[in-house]
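Asker: Pasting the relevant annotations from TrEMBL:
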BINDING   B:LEU16, B:GLY17, B:CYS18, B:GLY19, B:THR20, B:VAL21, B:GLY22, B:SER23  NADP(+) binding site
BINDING   B:LYS111  NADPH binding site
BINDING   B:GLU196  L-homoserine binding site
ACT_SITE  B:LYS211  active site, proton donor
DOMAIN    B:360-436  domain 'ACT'
Protein chains: 2
Amino acid sequence: MSESNATTEPLRVALLGCGTVGSSVARRLVEHPEEFSARVGRPLELVGVAVRDLDKPRDEAGLDRSLLTTDAEGLVTRADLVIELIGGIEPARSLILSAFEHGASVVTGNKALLGEDGPRLYEAASEAGVDLHFEAAVAGAIPLIRPMRESLAGDQVRRVMGIVNGTTNFILDKMDRTGADLADVLAEAQQLGYAEADPTADVEGHDAQAKAAILASLAFHTRVATSDVSCEGITAITSDDIRTVRRMGCVLKLLAICERVERPDGTAGVSARVHPTIVPRSHPLASVREAFNAVFVETELAGELMFYGPGAGADPTASAVLGDLVQAARHRVTGARGPGESAYAQLPVVPLGDVRTRYAIRVDVEDQPGVLARVATVFGDTGVSIESMIQGIRRSDDGLAPLTIATHEAAEGRLAETVERLRGLDEVGTVSSVLRMEGL
Amino acid sequence: MSESNATTEPLRVALLGCGTVGSSVARRLVEHPEEFSARVGRPLELVGVAVRDLDKPRDEAGLDRSLLTTDAEGLVTRADLVIELIGGIEPARSLILSAFEHGASVVTGNKALLGEDGPRLYEAASEAGVDLHFEAAVAGAIPLIRPMRESLAGDQVRRVMGIVNGTTNFILDKMDRTGADLADVLAEAQQLGYAEADPTADVEGHDAQAKAAILASLAFHTRVATSDVSCEGITAITSDDIRTVRRMGCVLKLLAICERVERPDGTAGVSARVHPTIVPRSHPLASVREAFNAVFVETELAGELMFYGPGAGADPTASAVLGDLVQAARHRVTGARGPGESAYAQLPVVPLGDVRTRYAIRVDVEDQPGVLARVATVFGDTGVSIESMIQGIRRSDDGLAPLTIATHEAAEGRLAETVERLRGLDEVGTVSSVLRMEGL
């Protein structure tokens, strides 16, 4: 019961940003001071909340409005613990660096900044001898960052594969269940608050891309930046794609995949990518519905682990932020330090062209004898092995029939060549989609 | 990349016990010294392995046999980090306490000891200013202890419910899939190495009971000992039970359930229990197959989280042990401390009689008019509300028909009274089983 011996000198907490997550964090801090005090060993005192507009109507029950300030720069200089929930690169980065300079530990959920400039933040925290925590940056409330940095620190991660963006999972799940088009489902998601007015970051995969960079960095003790992660969003996905995937007994998910791979020269490398992925319905990731997140971690010793939960939302994200806050505060009290950057392995990031996966290619072909053989010959010539070919019914409008070819594992580069040559065939009308398959 | 600046002075690691888990731990330490060195910031040196019998044939590839010793007491005095994998109460407890006295941090997977005497260990570690880690004690490789102690430290846990014993899950899963009897499936499990020669600790629920005590303690910041956890194993489960449960669209699982509950006087309490539980097939815990573990954690802010993975096995357990070892070693290097005991809440443990759950009661009744009414009246009199009654086909041998009554939520005490009165009815042959239901 050592942790209940709280001394009276409070640790000063500064909150930067007071949107839905920030409000939830502030509410909890103000409403349950005794709990934080007991868990930390010292009281936590919210000394200020930096906002852009003081006059914006707010509904933080119990939040003393005199705590609000527009002077974020000033606020970080008088705190022991800074919670950064502004998001984006600037001014978030400058404020975090300033917090470190003033000796404060930082808790952030800023995946964009971590993905772009993580090493600089780590370095500044290390120089200042303070903590940098970011559980909320990936998969919301799901404890994932801490397990990766600490629990699996004696193991070797082989692969991290997961649904880390709730908006796109909501959209793809809805398309799968209703057969509706992307545009209609996106509009519904926006109405329900699952997608933002400008949904670009989600549907183009950029949000998942930054998260993949963070996960790959931790998993492989290697610096992986957002720009190292190849990324394809869901904007090109049609209801035809979804139907085809259904017919294969599968479901389409936007996955972040980080793998330790063998490079052509036999040495180890890292692949990190985000793309729509065909997953068998029997795979646990297939049953992840609506805006939930789930991440598989495969390691040498532990085998396959799965983490599942709400990937976003004010309260779930606040849970992750507050867990980090308690951790950083405990370290403050005991003079301890959280883990720093672990990038000793520095494995090279493998270009997408060298990564091997399985593919499903959908083409529209003329419905006449010899076409399947012509198509199959292209695959034979490029060295991509076919697992199955499924021909659909000839359409009356253009006389073409859809043909779905599932391949065995092949290098991305070979596949691109195959698609190029398919496009050159007279018998092939269009190559309607090329989708990767995992977990089969 | 601060963690790659390893100084040369190694941290001395002592391993107590060299069974399958110990061998896996030793192998990893010996085979990948550079990895541990990079992750810790200093080399780890295995300075000794305490065993009972020096002459027992061992297959630890690469393990220098001169490291083996029968002098565990001497070994712990010359280590910075002690890994205890002997199990049981003594001599494990004395060795751990001695390690603390000599200033070593301890990593253990000893659920029996933690469940029986956890607070004493915490206290000794705290007095000595060293770490006590035990990720391997619950759910093997699945990071669960660290998320509970750290990631959710800013949240309030409402409920932890999970499959934490692989052996019984293997048995129940097999009974469900094959319709076989417990005895036959147990024999098979023993043959496959999923059950021990003496399966008592698993099938009687004692293993899950100790784990429930550990989880409840962490979840509710309250001291919960193994003896505080009410426990019912699976030995009484028949293939008839499994069949009945199947007909209900459900599956039977041995669950550890730890809940924050409201006591009759309106104050908060803790319930911790282990029992066979009817779970709907649509519930994620229903699809946990074979010897896998899965734990649901429901919190105020985060909502529902699930952790899934291998709950036992040499390598998975070694992964948890090594993660803790790296953590304890990092703390050693940076002069930091892991979290101590958090028992500030000290909520009272609620007796099973006051806990409210739903039940399925199977009775054999005479197949004649008025029987259902008589049975229903008993429930009405005791104030237990019936959700459904399903009557099966009359057996030719004794002329009785099975009747399954599913109830709404009721207090355990009321239920016991109901069962007692059912037994007194002339029309009721026997009460064949009383099973609890969750997740409906």
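Backbone N, Cα and C define each Cβ position, glycine as well.
Because TrEMBL annotations are produced automatically, they should be read as predictions rather than curated entries.
Explain the structural surroundings of these features, please.
Answerer: Reduced to three states, the DSSP call for B:GLY19 (NADP(+) binding site) is coil.
Under 8 Å, Cβ to Cβ, and six or more positions away along its own chain, B:LYS111 (NADPH binding site) finds B:PHE134, B:ALA137, B:VAL138, B:ASP207, B:ALA210, B:LYS211, B:ILE214.
Within 10 Å of the C-beta of B:GLU196 (L-homoserine binding site) there are 13 other C-beta atoms, taking all protein chains into account. DSSP assigns B:GLU196 (L-homoserine binding site) to coil in the three-state reduction, placing it in neither a helix nor a strand.
Within 10 Å of the Cβ of B:LYS211 (active site, proton donor) there are 29 other Cβ atoms, across all protein chains.
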Asker: Mind sorting out which of the recorded positions B:LEU16, B:CYS18, B:GLY19, B:VAL21, B:GLU196, B:LYS211 are close to chain A, meaning Cβ under 8 Å from one of its Cβ atoms?
Answerer: none
Asker: Count the residues of the domain 'ACT' (B:360-436) that DSSP assigns to helix (H, G, I), to strand (E, B) and to coil, and report the three numbers in that order.
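Answerer: Counting residues by DSSP class gives 25 helix, 32 strand, 20 coil.
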Asker: Count the Cβ atoms, other than its own, that fall within 10 Å of the Cβ of B:CYS18 (NADP(+) binding site), considering every protein chain shown.
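Answerer: There are 22 such Cβ atoms around B:CYS18 (NADP(+) binding site).
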Asker: Please report how many Å separate the Cα atom of B:GLU196 (L-homoserine binding site) from that of B:THR20 (NADP(+) binding site), as a whole number.
Answerer: 14
Asker: Could you work out which of the binding-site residues (B:GLY17, B:GLY19, B:GLY22) has its C-beta surrounded by the smallest number of other C-beta atoms within 10 A?
Answerer: B:GLY19
Asker: Check the domain 'ACT' (B:360-436) for me and report the mean pLDDT.
Answerer: 91
Asker: Under 8 Å Cβ to Cβ from B:VAL21 (NADP(+) binding site), same chain, six or more residues apart: give me those in sequence order, or none if nothing qualifies.
Answerer: B:LEU85, B:GLY109, B:ALA136, B:ALA314, B:THR317, B:ALA318, B:VAL321
